[in-house]
Structures are given as C-alpha cells and as structure tokens.
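Trainee: Quick paste of what TrEMBL says about this protein:
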- 7: active site, nucleophile (ACT_SITE)
- 13: active site, nucleophile (ACT_SITE)
- 117: active site, proton donor (ACT_SITE)
- 1-143: domain 'Phosphotyrosine protein phosphatase I' (DOMAIN)
C-alpha cells in the first residue's frame, strides 16, 4: 500500500508525516510518500522540521527537496491524506476520479481538528505539529490494521 501525505509546501507537515509513518509503521508493504499542492521550486525541508526528525528518528532530511503534487501521484498511491479539510475538498474537486482515496488525515481517524501549519513558527509550534501528526498516524496505523483484519 502506498500512502501519500499532502500539505501546502511539502516542507513541514507532509514530509514529517512521511517520515513518522515510515519509521513507526509495522504494516508490511506500506510505504508513505509526501508532496505539496503549492511548492516553491527548490525549497528544502524547514530547519525546525528537519531538527525534530533528526532528534526523534536520527534521520537527516535537511537536504530533502520539496515535491510538487502531480496527477500521477494520485494514480500511483492507494491513499491520499491531506492535512486539512480544505485540502481534501480541493483535491477531490481537482481530481474527482480519485475522490474515493482522498481523505483528510484527522477526519479519517476521527479527530476533529486540522493539522496546523507551523511554517514560519517557533520550535514549539513545530513540536506541537509533530506530536499531533504522530498521534494521528498511530491512529491511522491501527485503523489500517483493523480494516485489513490484522
């Protein structure tokens, strides 16, 4: 199963979600990727996001370049998870043929709020977003296991 996490610029939330999922998931054959809906070409992972990933998973993503969402990304992924309800609606309207696999991450795991965008914020804002993502992804992993009968 291929899972695509989508945020705005692919420098904070979705790239952290990609790493969190890939590091904590014990679902065989499940791999996460990430992309942004409005990427600045050549932009790299934000310093605070890269620091949190380094501190929590001992993985250096500081030189990772943001990836722009393209139509083929929706073709090749089984599940497309957005950080906000607005992004979910935006993608479903832009790609109605893939609407059955596009969800807001928190809505899918029965959480009420969106994943807040820490871009430009201090380390505390990034930590809050990291912990929100980790909790939501833990719930996602449990849901995927339940849905598959594992």
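Just so you know, glycine gets a Cβ as well, placed from its N, Cα and C.
Note: TrEMBL annotation is automatic and uncurated.
Small disclaimer: the values here were computed from a predicted structure and weren't measured.
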Trainee: Same chain only, sequence gap of 6 or more: which residues have a CB within under 8 Å of the CB of residue 7 (active site, nucleophile)?
Mentor: 13, 14, 17, 34, 36, 37, 82, 83, 87, 115, 117
Trainee: Counting each residue once, how many in the domain 'Phosphotyrosine protein phosphatase I' (1-143) are helix, strand and coil under DSSP?
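Mentor: For the domain 'Phosphotyrosine protein phosphatase I' (1-143), the helix, strand and coil counts are 70 helix, 22 strand, 51 coil.
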Trainee: As a test of reading the model: what is the averaged pLDDT for the domain 'Phosphotyrosine protein phosphatase I' (1-143)?
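Mentor: Here the mean pLDDT over the domain 'Phosphotyrosine protein phosphatase I' (1-143) amounts to 98.
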Trainee: At 10 angstroms around each C-beta, which of the active-site residues 13, 117 has the fewest other C-beta atoms nearby?
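Mentor: Looking at the active-site residues 13, 117, the Cβ with the fewest others within 10 Å is that of 117.
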